[in-house]
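Here's the structure, in structure tokens; my notes come after.
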Amino acid sequence: PVSPQLADSEFSPVFRLLTIFAYGTYADYLAEAANLPPLTEAQKNKLRHLSVVTLAAKIKCIPYSVLLEQLQLKNVRQLEDLVIEAVYADVLRGSLDQRNQRLEVDYSIGRDIRREELSTITRTLQEWCQGCEVVLSGIEEQVSRANQHKEQQLALKQQIESEVANLKKTIKVTTAAAAAATSQDPEQHLTELREPAPGTNQRQASKKTSKAKGLRSSAKIWSKSN
């Protein structure tokens, strides 16, 4: 910052010029050029660079017409050369949109701050902090809702898994009971296939005996009749 003690001394014109380089623009210098020390071309270009920075703080797409007026340049070629110099000096970063005749600023350096601007900056920072608190509160609320939803889904999953496990046990027990009631021992089943039941053999034997006796009786009757 420029020392205010120079304002009331014999170097007051220099103090005003330094103030313009710290806070002002090339247009401010031209308005008071008669009462200020003259500038070299290098100094003028330096002040023009700072003027572009001041404009970039207000608008990111600066029309060529505004730049030509504020910087008091004769043509677009001089303007583009000046902007290229500022880019190489790392005063700002951006691109020249020749089709739409404008400067698109991505980044620019900061300038010194006047004391009367401190209250505005403080208010802006307070508003920014309040906005951050609102956003943080919203994020915390969203996190809380997400955790509740996660817990509900986890409880539902556990309930479903428990019901599935119980259902599997029920099906297994029911299937085992049904198999025990209806199934037979495989070896016993094969034995029954090989050896008929005793009652069945007796009935078949008696039938065969009766049939044989009948045939013999028939044969005797046939012989007597002959």
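Heads up, the Cβ atoms here are built off N, Cα and C, so glycines get one too.
Database features, via TrEMBL:
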type	residues	note
DOMAIN	1-110	domain 'PCI'
COILED	150-177	coiled coil
REGION	179-226	region 'Disordered'
COMPBIAS	186-195	compositional bias 'Basic and acidic residues'
COMPBIAS	205-214	compositional bias 'Basic residues'
Exercise for the section: Could you please provide the mean pLDDT value for the coiled coil (150-177)? Expected result: 88
Exercise for the section: Just give the helix, strand and coil counts over the domain 'PCI' (1-110), going by DSSP. Expected result: 63 helix, 16 strand, 31 coil
